[in-house]
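**Q** Quick paste of what TrEMBL says about this protein:
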SIGNAL    1-23  signal peptide
DOMAIN    26-147  domain 'FZ'
DISULFID  C31-C92  disulfide bond
DISULFID  C39-C85  disulfide bond
DISULFID  C76-C114  disulfide bond
DISULFID  C103-C144  disulfide bond
DISULFID  C107-C131  disulfide bond
DOMAIN    224-516  domain 'G-protein coupled receptors family 2 profile 2'
TRANSMEM  227-248  transmembrane segment
TRANSMEM  260-280  transmembrane segment
TRANSMEM  312-336  transmembrane segment
TRANSMEM  348-369  transmembrane segment
TRANSMEM  401-421  transmembrane segment
TRANSMEM  441-468  transmembrane segment
TRANSMEM  488-509  transmembrane segment
Amino acid sequence: MKTPEHLLLFFVFLTGLVAFSQGFRTKGWKCEKITSSFCDNLGYNSTRMPNMLGHDSQSEAENQILQFEALVKYQCASQLKFFLCSAYFPLCTELVEEMVTSCRPLCEFVRKKCLPVLEEFGVSWPGNLNCSKFRRENNLQTMCMEGPNITDDSSSKPTSVFGGIGSANGSEITPRPAGKHHTGSEQCRKFKNSDNYYYVKSTESCAVRCGEEGIFKTSDKSSVDTWMAIWSIVCFVCTFAVLCTFFVDTKRFKYPERSIIWLTLCYNLYAISFIVRLAAGREAISCDRETDGPKFLIQDGLRNTGCAVVFLVQYFFGMAATIWWVILALSWFLAAGMKWSYEAISSYSNLFHVIAWTLPGIKTIFILITRKIDGDELTGLCFVGNQDLIALAAFVLGPDFTYLIIGTLFLIAGFVALFRIRATIQRDATKKSDAHKLERLIVRLGIFSVFSTVPATAVIACYFYEYANKEYWFYGKREGRIAEPNLGIFQLKIFMSLFVGTISGIWICSSKTVQSWKKIYYILTAKRPQRQLVQKNGGTRNASETTV
């Protein structure tokens, strides 16, 4: 059977794609000579694109910087030209991964000198040159260019962009509450618990700092960790038992039941993603940091290998499990409604595998390319759509809801066909035994379909709840009322997402399973099974076990 080998190779390919994406991120640039005559004699002559202002080429950057030519000639600040060139044509060196611009004190000094001139003409300071985007100081951790001497005007001191008073070297000494970490930007002030947020320069958005409370309390996170540990371990053990039983007797499980085995494999690996997160810890998986800031909830999962791997396993196998459930429903419909034989259904097994592994693979690759992986504050897991509601709708809600509708339609059609066949058989007295077997089949199908459809519906409902309310949770209010998430709904989502894997064991609860494991036991212990001997009086007795 080559399918597991193909699956392994495909998964290795996806893992390699993560590594490639990470490598591409750090090596997808090169230094180039500055071509703009406006920025001659800077003390350096190499730059890189795109720059911090989003210009993709030097010609585009030059067209923009020439707008400041009149201001440079006005000489409001002798350092203005160097500052502008460092922003539009940052220093590039192969020895440093990040582009090097001016330090923040130089920006603040130039702004203080030149802003009054701009205001005389009714022009404000350019938003893309906000001084908060520049590094505070040049040191071993953060590199920036201090530029020409900015202490030549001792009569005044640079003013911080946040209204605080700056020292002579430009470092902020704005009064702050004791024990609180300043976010570094006013953009986060609109959020509930705003002091616990950090403004991420690379994404220009706010993220809750690791170890702090955003929309969830610390006690909620601790409770969810315990909840995840319980159900992920239970799911892993149950699915592992089913898989072991399958490998003991692979010929026993034919289609449609074979679909349940692949579904179980997906849930086994899905549960492992929870266990990996719990073992590694929250910060190791879902936290990121900029060179001059604190750790925060990751917004670009490819910056953290652990985050990327957890996402890869959870999303790919979670989606594959859903598709295998649809294939199970289709197989039942073909067997019951269309009266296909096991052999006829099995002839399409290769097509089933192509669909089940390719669709999640395509979506996973697209998410990796668009860098939509982010961290979840409550669980510490990396997934898609935790901080991006559009991505949640496109990559989670949309596909899951579509698969649920398709699978449910197949199940309903299968049920209708089964009951029709049952009624036909019951009218034929010679087929009473067949009717009894069919009733057992209907019961088993009913149990598993309910146990799989209800959890899938519940998970989608939880995602809709999150999609409709999460934006209000960030602000803490909705139409003047307090807006807070219901922890129980998120615990329900975790439980239901693992429940199908947990109950997959009902398909191996039979005497055939016991007999299969007995054979393995006798093989491993080198013992012969007991056999019944017929006595002369018609009774039976067990022969003693004999060691081979």
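Glycine too: its Cβ is placed from the backbone N, Cα and C atoms.
Can you tell me where each of these features sits in the structure?
**A** The Cβ of C31 (disulfide bond) has S46, T47, R48, C92, T93, E94 as same-chain neighbours under 8 Å, each 6 or more residues away in sequence.
Under DSSP, C85 (disulfide bond) is assigned to a helix (H, G or I) in the three-state scheme. Other Cβ atoms within 10 Å of the Cβ of C85 (disulfide bond), summed over all protein chains shown, number 25.
Around C76 (disulfide bond), the same-chain residues six or more apart in sequence whose CB sits under 8 Å from its CB are K113, C114, P116, V117, listed in sequence order.
Using a 10 Å Cβ-Cβ cutoff, C103 (disulfide bond) registers 26 neighbours.
Its Cβ taken as reference, C107 (disulfide bond) is surrounded by 28 other Cβ atoms within 10 Å in the chains shown. Following the DSSP three-state reduction, the secondary structure of C107 (disulfide bond) is helix.
The average per-residue pLDDT of the prediction over the domain 'G-protein coupled receptors family 2 profile 2' (224-516) is 87, rounded to a whole number.
Long-range contacts of the transmembrane segment (488-509) within the same chain: residues 223-224, 227-228, 231-232, 234-235, 238-239, 241-242, 245, 257, 260, 263-264, 267-268, 270-271, 274, 318, 321, 325, 378-379, 444, 447-448, 451-452, 454-456, 458-459, 462-463, 465-466, each at least 6 residues beyond the stretch ends and with a Cβ under 8 Å from a Cβ of the stretch.
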**Q** Let me spell it out: take the transmembrane segment (312-336), skip the flanking residues so only those 6+ beyond its ends count, and list any with a Cβ under 8 Å from a Cβ in it.
**A** 11, 14-15, 18, 255-256, 259-260, 262-263, 266-267, 269-270, 272-274, 276, 342, 344-345, 352, 355-357, 359-361, 363-364, 367-368, 381-384, 395, 399-400, 403-404, 406-408, 410-411, 413-414, 417-418, 421, 445, 449, 452, 456, 497, 500-501
**Q** Tell me which residues of the chain lie with their Cβ under 8 angstroms from that of C144 (disulfide bond), as long as they are six or more apart in sequence?
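**A** Residues satisfying the criterion: V100, T101, S102, C103, R104, F134, R135, E137, N138.
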**Q** Inside 10 Å of the Cβ of C131 (disulfide bond), count up the other Cβ atoms and send me the figure.
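**A** Here the count is 24.
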**Q** Using C-alpha atoms only, work out the spacing between C107 (disulfide bond) and C85 (disulfide bond) and round it to an integer in Å.
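**A** Checking the Cα atoms of C107 (disulfide bond) and C85 (disulfide bond) gives a distance of 12 Å.
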**Q** Measuring Cα to Cα, tell me the gap between C39 (disulfide bond) and C131 (disulfide bond) in whole angstrom.
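**A** About 20 Å separates the two Cα atoms.
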